[in-house]
Structures are given as structure tokens and as C-alpha cells.
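Visitor: Let me give you the structure first, and then I'll get to my questions.
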Amino acid sequence: MGNCSTCPSKDKCGSKTKDGASCGKITPNYGNVKNIIGVISGKGGVGKSTVTGILASTLRKKGYKVGVLDADITGPSMPRFFGINEKRAMMQPIGETSVKYFPVETESGIKVISINLLIPNEDEPVIWRGPMATGVLSQLFTDTNWEDLDYLLIDMPPGTSDITLTIMQSFPLTELVIVSTPQDMVSMIVKKGVIMAEKMGISVRGVIENMAYINCPGCDTKIKVFSKKSAEEHAEYLGLPLLGELPINLDLTEALEQGKAEEYVRNNDLYALIFEGLY
């Protein structure tokens, strides 16, 4: 555990001690991470991991040093987004009981660590109970050689599970970004995560509405597929500012399947415009 002087959230933390001693948050042992952003959704299937990858790629395009921690232990997908699923992270024993992890770097230099980069076969399921999964995740956070990062994005599991609770309680999060889709049922479930964050004193930057619309291939009109309500209405229900609307994009889906999503995002000005001014 670190102290307040080395914590990425020292300026926003409500648990700062008078003498700068540890407040119970864990911090990376290797490297300096300036900002830790948790990307969260209330349920699966809203494209949270895709949004994490898009945001990471956009930040890297701006010149920031970026890392991604795939915290969805039982459903890791970040290696697939970045096309690095065939690679494996290296490990170095430290003493008798510790290990130092070396993340896999993407084509643009984003550092990624995921349980799927550590197991022999990406199809192999991780059958762990909560305490073991949270313990491994904490190790990946503290014992990965992040070096110097401007932003570490944490792709959190959906819902309010043990892992989500551990991240909110023990990781020095700078803030959270919420991912939702334009459906009332999804917004209701997502709001549970928003309320959870509020109860734990974690700052929430706002909501990104994914799959907000599809562009008509003939006239480029925005067509609402799931709901006639505006993104602003859904954001208002959540009590959060709207950070951006992402369309359903078949070209991005094809790029994902080819392991070229990062390249597609970096070469598509749409995403830079959507997230302009966010970070």
C-alpha cells in the first residue's frame, strides 16, 4: 500500500489522512500512474469493453501514455479488441512469493494486461470463486510493470460483483465512466452502479451511450434502433452528464473480428470528435 503523496487520486480522495499515511488503497509497485479511470456498466452486452478500447485508442492518438487492465476476469475481451490475443504476457519471479508481470504492448504502444494473456489457451475458462479472482486482479494491478502512464483504464466486469466492489474499495480510482445503451431497462440496471459509486464516494465523470443510433447507408440519417428517447433523456435519468453517443458501426465490428479495431479507431476521426475535450 502506498501513501497519499504517491496516490493518483490524492487531489480528489476523501480518505486522505492528516499525516499522509496509507488509507488502505493499493497502488502499483512498478511505475507511476497519473490517472486511473474505471469503465463500468450495469450489465453485460452494452459494449463496455469496446468503449474501453475506443477510449484507450483515442487517448493514445492524442499522445498520452496509456495502459489497460482487463478486470473482467471471467469474460476478458481486451486482448481481442487490440488484436494481441495470440501473444502472452511475460512474468518474472521476485523473491520466493512475488511475480512481476510485463504487459503486452499494442501496435501503438498501449500496455495491456489480462488474464487471457497469462493462460495457455484463451478459450480456457477461469473457474474461480470471488476471493481468488479478486486476489489475482489486485496482483495484476499492483505487480504489473506499468512504467509511466498518463492514463490506466480499467475495463470492469458488468454489474456490482465482488470484483467491482474490490476495485471501488481498494483501487485509487480517479473517476468512473459509465457505459449504457438507449433502453429503459438497461438504464435502470446501470443506475445501480451509479448509486453504488456515489455511496462509496467515487467521482463519476458521466455516461457514454453506446449503440445510440445507426447511420442510414443511403442518406446518412441517424436512426434510433432501440429507443426513441434521446441520449440526453437517458443521461438525465442517471443524473449524469452525457459524454458522447457512439453509433452501431458495422465497419468497427468487422475490424474487431480481424483484430484491427485499434487501427480503425485511430484512423477514424469520428471517435476523436466524440471524445473531444473528455481528457
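Along the chain as shown, the residues are counted starting at 1.
Cβ coordinates come from backbone N, Cα and C, glycine included.
Whatever TrEMBL says is automated annotation, not expert-curated.
For reference, TrEMBL lists these features for the protein:
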{"type": "BINDING", "residues": "Gly42, Lys43, Gly44, Gly45, Val46, Gly47, Lys48, Ser49", "note": "ATP binding site"}
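Describe each of these features in terms of where it is and what it packs against.
Guide: Ser49 (ATP binding site) has a Cβ environment of 25 other Cβ atoms inside 10 Å.
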Visitor: Across all chains shown, how many C-beta atoms besides its own are within 10 angstroms of the C-beta of Lys43 (ATP binding site)?
Guide: 17
Visitor: Which are the residues of the chain, Gly42, Lys43, Gly44, Gly45, Val46, Gly47, Lys48, Ser49 excluded, whose CB is within 8 A of where the CB atoms of the ATP site average out, their centroid?
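Guide: Going along the sequence, the neighbours come out as Ser41, Pro158, Val179, Thr181.
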Visitor: Within a 10 Å radius around the Cβ, which one of these binding-site residues has the most neighbouring Cβ atoms: Gly44, Gly45?
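Guide: Max Cβ neighbours within 10 Å, all protein chains included: Gly44.
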Visitor: If you draw a 10 Å sphere around the Cβ of Val46 (ATP binding site), how many other Cβ atoms fall inside it, taking every protein chain shown into account?
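Guide: Around the Cβ of Val46 (ATP binding site), 23 other Cβ atoms lie within 10 Å.
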